[in-house]
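According to TrEMBL, the features are:
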- 10, 11, 12, 13, 122, 124, 207: NADPH binding site (BINDING)
- 123, 149, 150, 178, 201, 214, 219, 220, 223: 1-deoxy-D-xylulose 5-phosphate binding site (BINDING)
- 148, 150, 223: Mn(2+) binding site (BINDING)
- 4-130: domain '1-deoxy-D-xylulose 5-phosphate reductoisomerase N-terminal' (DOMAIN)
- 144-231: domain '1-deoxy-D-xylulose 5-phosphate reductoisomerase C-terminal' (DOMAIN)
- 263-379: domain 'DXP reductoisomerase C-terminal' (DOMAIN)
Ligand code: NAD
Ligand code: MG
């Protein structure tokens, strides 16, 4: 029986993880869970899964939840220290890191430092802390399994040993991208899209922030950096391939000319269950893939002139140090501003570019360097949004 701490339980990844737990009550039990503000959703989770500890983002959310669930023996808590504490509890075997954004970094690291098997959906934590994050994984001998579907596919397509996947004999990683809802749109048309249009991903149902990132290709940029850290490669060894059907989730090209791909219907329960049960597999209730029904698989090159975020991410990698934390912070602010209708869709990349070129990039020696870069870049980005200075 594996005890799960589910960080970000009320989100899209959180719900899919609960679905796998519910399908396999003989294998998994929800020990601890967290959410930011969604009291109703969390009350429902508490009644169904009876976790030991639940952490909310504010005292008010915690109190409202405790009131709704007063007949349960669950301990209701709130705040950052409690979040780190539930990830490192002795009764937890696996931490599912599914908080949205940079806010997930500290609790994810707390689980790693406690030696927990780490299922990483929260790509922003690895993108921003990079080497420090991977050093902690190595120091604490942690099994780190990528949940992002592309990285999970790469992991599955790499040679497996008892300690994980290895990049021996690899010539290139082929990172697939759906291209998002605006893949074929002109810049003129994209200039006036609404948050509702941008959130409508053609193949995946996801949280708002990652949906916008998918539409702007920032998601693929973050994933490029994520793949560099996870698989110890540089952007030169990764080719982004646009594949609108999202059936091939990514590929690995070997030096003998072989290309190994992982395919499946686009449903996050596959990579989630893979992470939870690795190196074994379980049923997921995802309908089997019918390639005959799919009929055709298409592939094309990404267009960085319409989607500059992808190039900005590669630039940030080569700049090194805090550049990736800077870019991520700018993007989190820009996406929130777009969702609040303060800026247009194309302004997201302009804010990102403006902050990346204006910020003071320093070497990352400690986590403080990352937090300072995040803090000052958020301010820079917010100033640009307020001034409309990105135009
Ligand atoms: P979501 O917005 O649906 O859910 C986010 C969860 O995090 C919620 O439970 C929310 O309460 C919590 N949260 C948000 N802000 C918080 C904060 N400041 N402090 C504490 N908790 C907070 O997001 P999602 O789509 O489930 O994505 C979660 C993570 O997984 C993201 O990093 C995303 O990039 C990654 N991811 C998601 C998918 C997907 O299919 N949804 C695929 C790959 C990777
Ligand atoms: Mg992905």
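Every residue gets a Cβ built from N, Cα and C, even glycine.
Nobody curates TrEMBL annotations by hand; they come from automatic prediction.
Feature map: annotations from TrEMBL on the structure.
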residue: 10; record: NADPH binding site; CB count, 10 Å: 23
residue: 11; record: NADPH binding site; CB count, 10 Å: 24
residue: 13; record: NADPH binding site; CB count, 10 Å: 28
residue: 122; record: NADPH binding site; CB count, 10 Å: 26
residue: 123; record: 1-deoxy-D-xylulose 5-phosphate binding site; CB count, 10 Å: 27
residue: 148; record: Mn(2+) binding site; CB count, 10 Å: 26
residue: 150; record: 1-deoxy-D-xylulose 5-phosphate binding site; CB count, 10 Å: 28
residue: 201; record: 1-deoxy-D-xylulose 5-phosphate binding site; CB count, 10 Å: 19
residue: 207; record: NADPH binding site; CB count, 10 Å: 18
residue: 223; record: 1-deoxy-D-xylulose 5-phosphate binding site; CB count, 10 Å: 29
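The Cβ of 12 has fewer other Cβ atoms within 10 Å than any other of the binding-site residues 12, 219.
Proximity to ligand 2 at the level of Cβ atoms, with a cut-off under 6 angstroms, picks out 148, 150 from the binding-site residues 148, 150, 201. The Cβ of residue 124 (NADPH binding site) lies under 8 Å from the Cβ of 100, 101, 102, 104, 105, 222, 328, 332, each of which sits 6+ residues away along the same chain. Taking a Cβ cut-off of under 6 Å from any atom of ligand 1, the binding-site residues 122, 150, 201, 219, 223 reduce to 122. Here the C-alpha separation of residue 207 (NADPH binding site) and residue 201 (1-deoxy-D-xylulose 5-phosphate binding site) works out to 10 Å. When Cα-Cα distances from residue 10 (NADPH binding site) are compared across the binding-site residues 123, 150, 223, the shortest belongs to 123. Proximity to residue 122 (NADPH binding site), defined by a C-alpha to C-alpha distance within 10 angstroms, is shown by the following binding-site residues from 148, 150, 201, 219, 223: 148. Neighbours of the Mn(2+) site: apart from 148, 150, 223, residues of the same chain with C-beta atoms within 8 angstroms of the site's C-beta centroid are 123, 146, 149, 151, 152, 175, 219, 220, 226, 227, 250. In this structure the residues listed as binding NADPH are 10, 11, 12, 13, 122, 124, 207; their two most distant Cα atoms lie 18 Å apart.
Cα-Cα distance from residue 150 (1-deoxy-D-xylulose 5-phosphate binding site) to residue 13 (NADPH binding site): 15 Å (rounded to the nearest whole number).
Listed in sequence order, the binding-site residues from 11, 12, 13, 148 having a Cα within 10 Å of the Cα of residue 223 (1-deoxy-D-xylulose 5-phosphate binding site) are 148. Measuring Cα to Cα from residue 123 (1-deoxy-D-xylulose 5-phosphate binding site), the binding-site residues that fall within 10 Å are 148, out of 11, 12, 13, 148. Between the CA atoms of residue 219 (1-deoxy-D-xylulose 5-phosphate binding site) and residue 12 (NADPH binding site) there is a gap of 16 Å.
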